[in-house]
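Student: Grabbed the feature section from TrEMBL, which reads as follows:
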BINDING   6, 9, 31, 42  Zn(2+) binding site
COMPBIAS  218-227  compositional bias 'Basic residues'
DOMAIN    1-137  domain 'Deacetylase sirtuin-type'
REGION    190-227  region 'Disordered'
């Protein structure tokens, strides 16, 4: 959930914030890798790396998992029903090569009969007791371990390719080259959301019309930020 991958060159970016997409969807950012000296950056679309149910496993990751299963002498399956193939069968690779299998899960799994040890319980509680027996402290979560970081642009995707128009009392230098502030955009987008009629909202339950002078809809006010 912290990794983006370029669909063009395969470069991965480890972020210190959650990507926020699922199902290998575009994140709205572009790859900035320079492919060759003097040439432009790759500019390929960055994609999230979290799989949805219908998505196939990346071949490289699956091959690495299979190799690790062949070399392991013990495999722990934590909090999984072992239903989804081919990953569900990876513990059996270890078993066939003489390794041991430990399953920790609340519900029964399809490979319980192959387990050398089966524990029915919450993974957090079981692992906390195991670490206590080993004399190890439970580490405190401090965010993802970053091998390489890259800044995350927080511009809304709606304005990613557009250059907003600045009011007369603001200068481009003060707003990073003429980009409208996030607060301004968020306020207008919130107004658009409030004024947009939901298809599930019964007639008469929408926002009350303003009295007196008619107020332009939020969609038109949003256009005032754009050229």
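Each residue, glycine too, has its Cβ placed from N, Cα and C.
Computed from a predicted structure; not experimentally measured.
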Student: List the residues of the same chain that sit at least 6 positions away from residue 6 (Zn(2+) binding site) in sequence and have their Cβ under 8 Å from its Cβ, in sequence order, or write 'none'.
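Tutor: For residue 6 (Zn(2+) binding site), the qualifying residues are 12, 31, 33, 42, 44, 45, 46, 47.
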Student: Counting across all protein chains shown, how many other Cβ atoms sit within 10 Å of the Cβ of residue 42 (Zn(2+) binding site)?
Tutor: 18
Student: To which of the binding-site residues 9, 31 does the lowest count of other Cβ atoms within 10 Å belong?
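Tutor: Comparing Cβ neighbours within 10 Å for the binding-site residues 9, 31, 9 has the fewest.
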Student: Restricting to the domain 'Deacetylase sirtuin-type' (1-137), what is the model's mean pLDDT?
Tutor: 87
Student: Would you mind pulling the DSSP three-state label for residue 6 (Zn(2+) binding site)?
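Tutor: The residue in question, residue 6 (Zn(2+) binding site), is strand (DSSP, three-state).
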